[in-house]
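To start, the structure itself, in structure tokens.
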Amino acid sequence: MQWDVTQRPSNSVLMGFSSGDGHYENSPLTLLPAWEKYRPDQFLNSSLGVRGLQVYRLHREERPNPRLRCLQWLKSQPQWPHWGWNRLSCPCSWWQGLQDLRFQPISIGWGLGSRQLCSFSSWRGGVCCSYGPWGELLEGWRVQNPWQFDQELEAQNWCCRWNDKPSFCILYQQWRPRIGCAGYRPLRPAWMFGDPHITTLDGANYTFNGLGDFLLVRAKDGNSSFLLQGRTALTGSAQASNFIAFAAQYNSTSLGPIMVQWLLKPNDTIQARLNNQTVTFETNREDAEGQETFNTTGVVMTRNGSLVSASFDGTVTISVIALSNILHASCSLPEEYQNRTEGLLGVWNNNPDDDFRMPNGSTISRSSSEEMFFHYGMTWRINETSLLGKRDDQLPSNFTPVFFSELLRNNSSSEKLASECNGNQQCIYDTLATGSRSTGLHTSMLFRQYQEMNATLNQYPPSIEGDRVVEAHIGKTKLFQYTSSSKNVTFILRDNNTDCKLFENGTLLWTPTKVEPFTLEILARNVKDNLSSVLQPKTVVCACKAESQCLYNQTSRVGNSSLEVAGCKCDKNTFGPYCNLSTDLCEEACFPNVTCVRGKGCEACPPHLTGDGRHCAALETPLLCQNKSCPVNYCHNHGHCYISQTEGCQPTCTCPPAFTDSRCFLAGNSFTPTISLELPLRIIQISLSEEENASAAEVDASVAYRLGNLEVRAFFRNSQVERINPITGSTLQHWKVTSTFRYRPRGPVIDFLNNRLVDAIVEAFLQAPNRRWKRSEGPRNNVVFQPLSREDVRSVMALNVSTLETYFKCDGYEGYRLVYSPHSGVTCVSPCSQGYCEHGGQCQHLPQGPSCKCVSFSIYTSWGERCEHLSMKLGAFFGILFGALGALLLLGVVTFVVLRFWGCSKAQYSYPLDSES
């Protein structure tokens, strides 16, 4: 470079780079003397060893490359996936998963509005499952270790969520296959409750009031073994017994022995011990229910009040609760233990008739007497030292309990008690045996809860059959049919989209009109049990100019959605990403009065306009009319005057919407009325339920966010957020929220608030809020509520149209009237637009009101204030009269001439009859 720096000694040249977003970096030459810094070609980059080359970072922070990160993760994986063949599946619904204690709720940020359940086994690996607001299964992913949730999520983001090429997600799923619920099998439960009543693994019920330590179940398969024992004691002064302690031991090929003990303590509390050490629970702040957890290798334990549960290596679960100074327990075993159990919980083989098998192999009948069941149970008493160690108390040597038949004979109030217990025999027995009504009612409640838990575990959401890939060309409607093998199923879309319409019978119509991100999710809902499932088909839209140019096998993702856009194969006459540009430059029309030259394109724009010939606009600082100004009061009725940038430089008015002429004098157009008084509010009361232990501020913000995003924006505020007293034993919190909405005259607001608001609110609470919340925004607004029904939304106050019209006023010219329509709302309408003038009269709306200019016809003329009268013109009358008389005279002359001519003709050609020829 040959810059002569001596000619401009005071000019300081700055060299370097600026990214435009505030990041910059100056060249090291800037600090050198003038005779060196103006010789960048001589600068030697020490790190590169190249003279004259300067390298700059383009951004302040490194921007990640999802494709590169995904490829790096794939390269770090083993050559072939090595998941075990024996795999867990996801529970098919959130409610099913909550009852399966192998799965624990966990927060790992898998998307707003979703809830996660995760399970881990040392020999089967781990699985995490994500669920939507209706409890439907969204997706499941495998993890190798319980501490790798974040790493797995990050890899999934690089390859799928943040990657615009679906092929990377396909590669990712070869190593991490997506998990569904097709292979899900719930654990088989058994229960021990009350004084004590036992339901076996095959569902047989019996009562056993033995004293001592007993073997409840022993099970073993090729990978693990499990042992559960229970200890009973006398129930106060009653001639009955109840459980006061449980102990479970689990062994597997990959873990050492794990032993958990549950010991009853005063005030219905439980001491939990792991391998003879007291367990210290920790509160999980992210857990919406606030339950305490303890997590160590091979076992996850939770405590919620007087309920303590344990999951052994994601295989066996035990749940123990203390009520009425009695321990009640449920034990759930996996199908690997089927046909391999013994003990008081029976022989699990789906045949309850042989459940009561004794250690010597003999079996008693299912219909045996209470005495026989007592002697059967005593055969499973542990005579040696049990897992619970030695007892502190001395047991009677020959204890025999009181049986149900004796209690009924000795009690006269059994009929009243049967009514209070709703016929539940366990409740009646425990009330009579202990003399405590609350003990009996607790027994009845637990039995009902266990039955509901078992029913939930065996309830499955509806299936969805149909196309997993939907393809359509932009602007064309495609039909797809989805069905379900379940009964009482309706189909809906999770998120409404103007391009898609789904009927309740599963018929989907898709007419893509634009290429914008959206996710198609089809929900199938059983209207009886409210269980739902979701299908997210792969949606591919082709925006090519011709459908024959579509390459549906070459796609790219549109944003962070399920929509993919197909590639295009252009022919020789088209080009561009969608083959929508033609090589013929004159195919697209030029600006008016601009000529297109073949091969060159549009010529220049007209004078005083600028542009490329196809798109022209006025100059920003036109010189043509720069010395012209508008006359004073040129525009009436608050019209705005400006000078038109044309050759005439004429003043032009921009008028309010009511006026029809060029100077804002003649009215006639319709316009929105003004509000003369403060409008009352539309008031709705909503009953909500959630299980996230949300605060009132969070419920307020979450409800406001949903209502503020309804299809018609009319939400004002929540005037009251009230928490309802919770139901004992329920994890749900119930709220009553009073919400207000503002009426407005314009658009469909009135019709929406009076006729469609309730349905819109129900629909808004069926889907999760689709946004991320930042702590800096205040209370979180993404609380997930239970789905609503119309009964949960109560109308408190609504105004009909006739009442609302008293609050609106048509300011301006006289004669305007209020007219209501559901689509456009309340509008000020001129009589001119409603046939004010009759008989073709021309209507003009002047300041004093509408005025008619009557028009004349050939014979008649209209007159009157509204041209309602018709009169015949006098000149026209005489013209018609004399015309008619002249026509009659002419007709007579013509008739005379014809008759005269006919008479002469007859005389000329007539001959006498008697003449001779």
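A Cβ is built for glycine as well, from the same backbone N, Cα and C atoms used for every other residue.
Bear in mind that TrEMBL entries carry predicted annotations, made automatically and left uncurated.
Keep in mind it's a predicted model, so treat the numbers as computed, not measured.
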Disulphide pairing with CYS664 per TrEMBL - partner from CYS649, CYS655: CYS655
Cβ atoms near CYS655 (disulfide bond) (within 10 Å, other residues, all chains): 21
Whole-number mean of pLDDT values that fall within the domain 'VWFD' (188-388): 91
DSSP-assigned states of the domain 'EGF-like' (829-868) in counts, ordered helix, strand, coil: 4 helix, 16 strand, 20 coil
Residues of the domain 'EGF-like' (626-665) by DSSP state, where helix covers H, G and I: 0 helix, 9 strand, 31 coil
